[in-house]
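What TrEMBL annotates here:
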COMPBIAS  238-249  compositional bias 'Low complexity'
COMPBIAS  255-272  compositional bias 'Low complexity'
COMPBIAS  322-344  compositional bias 'Low complexity'
COMPBIAS  393-404  compositional bias 'Low complexity'
COMPBIAS  406-419  compositional bias 'Gly residues'
DOMAIN    109-219  domain 'Hemimethylated DNA-binding'
DOMAIN    472-572  domain 'Hemimethylated DNA-binding'
REGION    235-272  region 'Disordered'
REGION    322-370  region 'Disordered'
REGION    387-419  region 'Disordered'
REPEAT    696-729  repeat 'TPR'
Amino acid sequence: MSVAQALYRSMWRWVRSPAVRCNPHFALPLDKLPASVVRAAERLESPRGAAGSRELLRLAWREAASTSGEAATAAELDDAFRVLRVLGELGEELEALQKKRASNAWRVDVEMRIGEVVRHSQYGYRGVVLGWDRKAEVDVSGWDGLRKSSRGGDQPFYRLLPDYTDCAELLGGPREVKYVAQENLERLPPRYTRVHHPALLSPGASPPVRRDDHGAFLRYDATAAAFVPSDELAYEYPGSRSPGSRSPGPESPESEGPLGADGAEAGEAGAAVAEAARTVEAAVTRASQQLRDFVAAVDQQQMQQQAQARERPGYQAEAGYGAEEAAPGAAESEGSEAEAAQAGVAGGEEWRGGEYGFPGGEELPAGAEGNGRRLLSHVLRLADTAAAHEPASRASPLPRPASLQAGGGGAGGAGEAGGAGGAALRELAAFVESNAAERAAKADRGGITFGVGQALRSSTSHTTTTVFADHVLRHRKFGFRAAVLGWERRPEVDVSGWDGVQGLPSGADQPFYRMVPDMGDCVGLLGGPRGVRYVAQENLEELPLSERAISHELLPHFFDGYDAASGTFLPVQQLRYWYSRDPLPDTGLAAAAALDKLSALLHSHALDARGAGLLEPLMLLLGAAGSAADSAAAERAALALLAAHPSGEVRELMRASERSVEGDDLLAARGALDEALDIDGGHAELFARRAAARHFAARTLEGSALRELRRYDEAVDAFEAALRLHPWAPGVVPNIFKAERARRILGNA
């Protein structure tokens, strides 16, 4: 016991060392500590800093003291030595951090502060200050940005998290971190300081995560027009959160209107945003009730189908395929019908195998069912989540937008548009819409020869046959057999240089198929195992029935089984829904009917919300959003209302336009929108999309057009108007930089 006590005292001395005692924010490296210590840490509220370390040490010591047995005691001692080694390494890091903190407190000649948003004066991209050095710590003598510099590396340098869209627009692609000289940085007006970068924000304000240049900031503070550094970053750079830490930029916050106002104006702005949040919340509550009714109706239908299925002879074998005909979820003989229906919402239709298996005996790994196999139950689960939303009057209040937290304002407010219920509703709508769009895109089989589930192989001739989604085919050139799991009318990747496409009569201008190959064929013909293949239609031929029983570990992920009688693989629910025109077995797919009804319900709700004037409060929430995530949520909701139209033909033409844009066929996209405008020439969303196929907002499109026409003053005005509507709009600020730069060049010409 004396050894254990000595170890305990050593750990206690570590906790009381100056570097540890003075740092309240560091996180223990739990990934390096023994499992017993990690379990103890999970029971603590916050195992951070010296206080958390002391609490964890006491808890671990009490548990170790209760250990009995020679083997257990030896294991505890081993763990204690391991903890001591980890703490020693951490202590060295904390000592180095303490020295850096002391050095960073001296800010002579350092102008920018942590969290401040600045712009590169030469290249135009914006970034958030993540750290700084008084002198360059790398050789910068050959850098292009310093060729005209009088100071070179003898000046402060800053690490920036650059805006992703700025980098794409101005540098040709995203960048992770930039290292920039102080003389190349300039401050910005507050309205230009909302930037996007995946490493900016922590998952939350207080989780015990360690900072490693990812999640270094807690939130955006609109009052200071800067990002608030995490506890660890603020400790490393003292004074980062002090009042007035941001020096005045070219414009004072007062010019920003409600976000920079104080007193009565801020109160009015806060009250307006709070009222908008309540309006959106009420709409979400109404939609939640409609979804509750929908889920209850599907539950009732499933119970009826379960009862009918149980009365039919051979129910077990019948349920092997098309199990959505029975009540989803529970086993046949267990629980009540109501419990079985509820299990359908929570767990999905059970695949019972029945008479269908796989030729190679493959089985789906436990927990790998995925949403594609049980499409209906996944949709019901999303609907059930959205329907379970409690309005703010009965649940906790919605968070206030960060832009109003410091400026006062009315009670309540909104973070995401509609809070958690709105997020669940948007997730449901996005899932339903994406699946409906995929189904619509696959409805036209013109030029498609094969289908999902068919088995094919290759050949040297280039005859034309017909293939469907459940087919097994052979590659004409390379000889391997494969089962079709999907197709595109034209390739979605550049295949012009592929060996298998060289010499084909149609080249890349033909349908391409996604296929699961036979593993034995791949080993024998291609030299090793392969995953999903992407094959041109002219390289495929049908197989005789005796050769279609292929084997691959991926087959259970895309198919429910193999029908030996027809020689086809039976696609999972999502593939059957998408490829509804392929000649698949008639299984009475309940998911298709449910998704169609749910899509109609959501669209009806969007029309009602638009008619009830919900667009205006959504736009107000968009302008007051405190983060990029909040603004994106409000934007998606607003765009859904803008796109809503009572005519199914107009909606289908809009979807056709979107598909054409994805395929870079802008003429076809505009043609579809022109047809829609012939039906309803007064629909504003159609005009906005017609103005430019890659639609964002009319003001942004107007600015882009004016910049191309070299009407730079008007272009800047249009972009500024877009920012007032959508302060977090990506890509607008770099376009302003481009227009202003062109205006300067034109003025100097």
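Glycine too: its Cβ is placed from the backbone N, Cα and C atoms.
These numbers come from a predicted model, not from an experiment.
Mean pLDDT, taken over the repeat 'TPR' (696-729), works out to 80 on the 0 to 100 scale. Across the domain 'Hemimethylated DNA-binding' (472-572), DSSP assigns 18 helix, 34 strand, 49 coil. Sorting each residue of the domain 'Hemimethylated DNA-binding' (109-219) by its DSSP state yields 16 helix, 30 strand, 65 coil.
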